[in-house]
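Below is one structure, written out as structure tokens; the observations come after it.
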Amino acid sequence: MEESSMESDNGLNLRNDVKNLVEQETYKWIFVGGKGGVGKTTISCSLSSILSERRESVLLLSTDPAHSLSDAFNQKFTDTPTLVNGYENLYAMELDVTRVADTGFGLNETKMFLQTIPELFQMLPGIDEALSFSELLQSVQSMKYSVIVFDTAPTGHTLKFLNLPDTLDKLLESFLKVESLCGVAMKLFSALNNSLPKEEIFQKLKRFKSNLTLIMNQMKDPNRTTFVCVCIPEFLSVYETERLIQSLAKTDIDCSYIIVNQVLSYINLEEHVKNTQNSLENLSPENKKVLDCFFELVLEQQNNLNGRLSIQRKYIEDIKQLYEGFFNIVAIKQYKYEVRGSEAIKEFSKALLKHSPIPDS
């Protein structure tokens, strides 16, 4: 058995790297999600980079309104798939799901539908985003890429997406209730506002829901779709990761990878400082005073770092207790440099393929 592979009590073959993930050729959609600021985009880019070496064609699609793909690759991306510099088969695009009907991506059905239904239904919470995302995934489904990696919006947006079937059910229910309570007024309202007839509105909503059901069937197929959770060892991130994992489990969407990013390493410089001070005993009092001040600052920074590390270790222990033995957990150390540009991403991606267990607390 390889060093990075272990069999859990429940028979799962778990690893502390992403080799199984990137080598499973049946995957069509890989979603990467988590709290904002935990490094989702860097992980998404790195996974896409690795996949481009194994698959015929890869699309990296950002649905995060903040859009960091352009920053990560040092290259401007739009709502049209664009070849990433330094690659032959990796494409990237950025879409704002909350405004996707206004983009040039071709989601005209949602835009036209929202323009023709009564304003009463346009005000229903989540209708624009729900319908836009439904049509977006329909369009993505027809794209001819071997695999698509989704750099998703922060957890709250992702949870809203997972609740889309329920949202559309509620929209249909609301439509029927309002229509039954004030059918005559609805007809007059539609006539005055050039809205679609109620029967056509109802049928379109049903079609959106039917299409979304087909999409969710692919989402729930563990051979075609999986979700990668990214977190850092801090309270809010671990909390949101648990929320996301629970929601994925509730909707029967596969999630077997957790990447713990920005993990700090313990340092101890006290012995080095002491030895250096002893070797400099012949210095003048003035110079020795200056160096003592410097060493004091060094030890202060060490204590600050190790204090933060102690906090991280608490949440690393929580991660181990919650997920060890059930998930592939990969720990990525705090990177020394900013990860920007294709070469930096290729270098960073090597860490995902190495045996990287979470450290002992």
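Using the three backbone atoms N, Cα and C, a Cβ is placed for every residue, glycine included.
Following the DSSP three-state reduction, the secondary structure of Asp64 (active site) is coil. Counting every protein chain shown, the number of other Cβ atoms lying within 10 Å of the Cβ of Asp64 (active site) is 23. Per Swiss-Prot, active site is recorded for Asp64.
Within 10 Å of the C-beta of Gly39 (ATP binding site) there are 22 other C-beta atoms, taking all protein chains into account. Per Swiss-Prot, ATP binding site is recorded for Lys35, Gly36, Gly37, Val38, Gly39, Lys40, Thr41, Thr42, Glu234, Asn261.
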Between Asp64 (active site) and Gly39 (ATP binding site): CA-CA distance (Å): 13
Sparsest-packed of the listed binding-site residues (Gly37, Thr41, Glu234) - C-beta count within 10 angstroms: Gly37
Distance [Cα-Cα, Å, rounded] between Gly37 (ATP binding site) and Asp64 (active site): 12
Packing count at Lys35 (ATP binding site) (other Cβ atoms within 10 Å of its Cβ): 22
Cα distance (Å, whole number) from Asp64 (active site) to Lys35 (ATP binding site): 11
